[in-house]
Amino acid sequence: MLMTTTTTAMSVSLSHDVIIAAAQRAARAIPPLWPLASSVAVNPFLGQASEPLEMAAARLRRASGIAVTMPRHWYAERLQSGEITEDDLRAPLQNAPAALRPPSLSALRHAIAATRPSPQAIPTVAELARDTAAVDWPGIVNERIGHWAAGYFDQGQALWAVGRSGGAYSTWRIIATHDLTPEIAGLAGFARYVADAPANAEDAIVDCVARLGLSQDALDGYFHRLLTTLGGWGQLGRYRLWQAELSGATDACVTDLLAIRMLWEAALLGNGGCALVPGWRTAIAAYAEPVAATSDDVIDSILQEAAERAAQRKLNAVLAAPSPAQVAAGRVKLQMAFCIDVRSEVFRRALESLDSGIQTLGFAGFFGLGIGHRRFASDVVEARLPVLLAPGVITCAGDATASAAASDLSARIAARAKRAWGRFKLAAISSFAFVEATGPIYVAKLLRDGLALARQHAPNEPAPRPADGLDLETRLTMATRILKAMSFTGGFARLVVLAGHGAKVVNNPHASALHCGACGGYSGEVNARLLASLLNDSQVRAGLAARGIVIPADTLFLAALHDTTTDAVTLYTADHPSPGHAEDLAQAAQWLAAAGALARAERAARLPRAHRSQDIAHRARDWAEIRPEWALAGCQAFIAAPRSRTAGRDLAGRAFLHDYDWRYDDGFGVLELILTAPVVVASWISLQYYGSTVAPESFGAGNKLLHNVTGGIGVVEGNGGILRTGLPWQSVHDGQRLTHEPLRLSVLIEAPPEAIANILERHPQVRALFDNRWLHLFALDDEGLIRPGFRRHSRPSLRVAPFKLYRGQVAS
């Protein structure tokens with residue numbers, strides 16, 4: 001085996017710093033992956049936000065061999081049906097780069113009818129070795145790395161934990177030096193090669209760069225390519241870096257993974273000898289070429305934007321139509337604040353239709369409380385806030401009393417006994433006799449669960465509280481900030497319900513993805529209960545009154561949990577007993593039950609095999625149900641405006657609705673918060689659905705029916721290999737057609753355009769999302785219609801055109 005070949009050393013020696021800087025840039029070109037316990041939607045194009053769609057298409061074609069738009073026939077069908085008009089095509093055609101766009105509308109139509117070339121990634125050494133040796137080296141590499149990574153990243157699923165001392169690279173070297181699988185497959189001397197490799201991951205990368213003969217220009221593209229071949233394992237390393245940086249630290253896991261992958265490459269090149277050299281020379285030259293969009297990339301970008309303009313026209317028509325909603329005279333009877341999640345739109349519309357005295361509000365589901373929460377009888381701190389932020393307050397469940405401490409101890413003992421029993425069931429020896437010895441005990445449970453007869457209960461832990469207590473000034477500042485951010489500083493009803501949301505499903509590894517994204521992949525009742533307690537505090541209310549926010553003495557704030565799978569709402573009445581509100585609570589319960597029935601009936605029409613609203617509750621308990629709900633499939637728009645602009649209008653559960661009134665936003669601090677937090681979170685959700693639809697092979701989690709949970713952190717298809725990311729195919733497709741229309745999010749904000757522009761100037765990373773059209777930005781006038789807004793253009797490799805204002809219509 002030739003492990004020290006220099007026949008491919010075609011470049012001058014590169015410095016350590018240059019190589020590692022390229023590795024770090026490549027690490028930031030891939031998105032992070034959150035573990036299953038707290039999975040949240042992530043923008044798969046996070047590393048490409050600084051460039052437009054056509055450039056991202058060119059880059060990801062080289063790195064992953066994928067297309068980032070739908071096939072041409074998808075757009076052709078919409079053009080033929082009239083859904084996309086010539087006007088929709090004309091504007092993006094005019095804005096496209098002149099050197100690459102079709103010369104005319106007829107030429108563009110001709111291009112739509114043509115078949116787009118299949119995207120091809122630049123090959124790795126493993127792929128070249130597969131083609132020359134007829135051995136599936138990419139599959140073997142993925143399988144062996146996945147086998148090790150499942151144990152290394154395990155979060156309690158494995159019975160035997162893998163040692164983690166020294167980091168990922170060091171741990172892998174120990175395993176790899178004893179793994180003979182590569183040598184059996186034909187990679188002679190691999191274990192010895194790994195043993196002789198540098199002990200430090202960065203040094204190993206530098207050494208492999210020399211062995212592979214990489215030029216400086218090829219580094220970024222090649223490193224990016226290798227990290228994409230790792231799938232979710234590389235993204236899990238990126239997640240560790242993300243989490244470390246939130247606290248001002250760093251993490252080398254993703255660099256370690258790159259070093260591991262490069263050792264495979266260098267070993268395969270040395271083993272392949274001269275047979276691989278010509279193909280590898282060609283690949284290096286391709287990696288070194290600057291990334292450049294092609295005319296096909298530009299055509300696809302034009303078609304994608306045309307589809308989005310068509311959707312924006314429809315949305316504008318809905319907003320312009322007369323609203324059937326009626327405004328109650330006098331004090332409203334019930335106010336209910338929901339998360340901005342698109343699933344809340346259906347329930348809010350249903351609830352408001354029952355009585356003109358009902359008013360709903362939309363706000364980010366963590367309710368402005370950036371908390372790390374410890375559940376009852378647990379020491380694990382759950383970050384129940386947007387993943388862009390770090391917790392500022394630690395909370396826990398239950399009072400600090402002797403009886404609570406005794407209950408806590410009892411619950412911990414029970415949990416340990418349950419874990420011990422679970423490990424006994426799976427142990428190497430006892431597992432064989434377990435079924436025969438204890439099977440009859442489980443008959444009733446199996447029947448109950450298998451027939452979906454088991455009852456499900458909403459989370460009902462003891463009321464949460466700050467772990468260390470908060471002084472009055474801190475509590476008052478929090479309450480003031482939150483109420484102003486909600487545009488909710490007056491007109492309080494007797495009963496104000498703060499509804500977090502979650503999803504109660506069974507046998508679903510991605511269950512946390514159905515919870516509240518703003519709560520970090522957890523359900524939102526903890527945040528809602530904390531805020532209700534804060535706003536019921538008499539001292540806080542007195543302080544708020546001194547600041548001009550007067551809450552009537554008869555106003556009761558109460559937390560609730562909206563189950564988005566069944567549209568059942570749980571009221572946490574025991575948190576704040578109030579006999580004087582018994583009638584209000586009874587009426588609210590009736591309204592919520594009626595609204596739930598209306599919402600279920602509307603959602604049942606979209607769900608396969610849900611012929612009646614009663615079927616929905618059954619689906620939530622069905623072990624075999626792969627589509628208990630559609631979650632956020634179909635999300636299309638984000639609207640920040642007073643509720644009166646959208647009340648009574650059927651937005652079909654496709655819009656994030658955030659209450660905002662700029663007239664009460666002195667200095668536009670709330671607007672800045674909306675643009676830099678909820679809008680960004682919504683963009684991550686939208687683009688995850690987009691990526692899982694247009695490129696399911698790379699940005700989707702594959703087929704739910706084949707999923708196996710590995711390490712408690714993610715899923716693989718089948719018995720192992722690459723960790724899958726994104727959404728399962730069943731989350732965007734009903735078996736016959738797509739249920740998610742892949743459109744980039746349209747952001748509509750009722751605010752002065754100048755204020756929006758000033759905020760974006762201060763936040764270049766957010767501005768880049770609009771400049772490069774990962775998001776579309778519009779401003780609404782005082783009647784809730786599109787008025788002068790933004791259509792920004794920024795093409796770094798081409799001449800930069802200034803952004804334009806447009807009036808009264810969706811225009812360029």
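Cβ from N, Cα, C; glycine included.
Taken from Swiss-Prot, the feature Zn(2+) binding site applies to CYS339, ASP341, HIS501, CYS516, supported by sequence analysis. For ASP341 (Zn(2+) binding site), the Cβ neighbour count at a 10 Å cut-off comes to 27, with all displayed protein chains included.
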When you measure from the Cβ of HIS501 (Zn(2+) binding site), how many other Cβ atoms are you left with inside 10 Å? 26
Reduced to three states, what secondary structure does DSSP give ASP341 (Zn(2+) binding site)? coil
Once near-sequence residues are set aside, which residues in the chain of CYS516 (Zn(2+) binding site), 6 or more away, have Cβ atoms under 8 Å from its Cβ? CYS339, ASP341, GLY365, PHE366, GLY500, HIS501, GLY502, TYR522, SER523, GLY524
